[in-house]
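Enquirer: Take a look at this one; I'll ask things after.
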């Protein structure tokens, strides 16, 4: 007998444990689907608010049949537009509960105007009132008006799912979301209310909101003579924390290393006016590093058929135009001397024109052309 009871007990566990997991998941989804159905029904009411039977004699039809406002025709038009054809969940719920919509439409609408409450909560029981959860719609911790005392979310709130446990907002912790988490302090608290505010950024734990209220200072901060946590300026430390061609930028609780301007060889800040010394290719001009124009300093830097192009901190040699044998810049209008076959015309090297001998009407050369040889 005991053995049979044990088998029955185990069978119950095997049967109902999976159901419990599906139950929670299903009711979350079912409540969402039900809410969407009701929302679409309300939209359908608004869309059909000014419609009529459309038969041409609305007054007679409403006198003999019924008012369109509360007619079966209007209900049918609304129900037809509740679900997208691709939404299986919506269409399945509507198909299973179409009679409930008809009942509410013809018999319950006046007494129960809140369709969501009547249909989703009280009739098919897939949702709960706000601030309650689970199969029996138990009240969330903190009460239905302020679940989790207004400082978190109640698991399953508004559905037949969930366990009612609080998931606390940032800055709050504990079963009731009334305690302050690390980095926050209690500004106001009683049995049903708690206000937690963030500590000053210099604090590790605090009793108030200023840098004087820190229990300990964060890394990068230290206590002064008055007990306040103040920033450590890492940039003043010896040795310097950055590389030779970088400058140190102090920030609250830390620092960063930034690259010097290309005109500097070592610097104390951003820009060319903060150089310690000038980089190669630059010179100090009243405390500012300016570019050296190598092209004017040494005209013979490049070959005869090249010109010098100055760049920041350097230079490059570029080939002259093919029309030049020497030049001072790009193009034929910057030639110093022209290449063979070209001549200078108003400062531009242009191709020389070749003389073409003239011919008479019989095709003989004229002018200085050689005489024709005659046999004796």
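Glycine too: its Cβ is placed from the backbone N, Cα and C atoms.
TrEMBL does not curate its annotations; it predicts them automatically.
As annotated by TrEMBL, signal peptide applies to 1-24. Per TrEMBL, domain 'EGF-like' is recorded for 136-178. Taken from TrEMBL, the feature disulfide bond applies to 168-177. The region 'Disordered' annotation in TrEMBL covers 353-376.
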Enquirer: Can you check which residues sit near residue 177 (disulfide bond), meaning Cβ under 8 Å from its Cβ, same chain, 6 or more apart in sequence, and list them in order?
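Expert: The answer is 141, 142, 148, 149, 151, 152, 166, 168, 169, 194.
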Enquirer: If you count Cβ atoms within 10 Å of the Cβ of residue 168 (disulfide bond), leaving out that atom itself, what do you get?
Expert: 20
Enquirer: By DSSP assignment, list the helix, strand and coil residue numbers for the domain 'EGF-like' (136-178), in that order.
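Expert: DSSP classes over the domain 'EGF-like' (136-178) add up to 4 helix, 11 strand, 28 coil.
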Enquirer: Would you report the average pLDDT that the model assigns to the domain 'EGF-like' (136-178)?
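Expert: Across the residues of the domain 'EGF-like' (136-178) the model's pLDDT averages 96 on the 0 to 100 scale.
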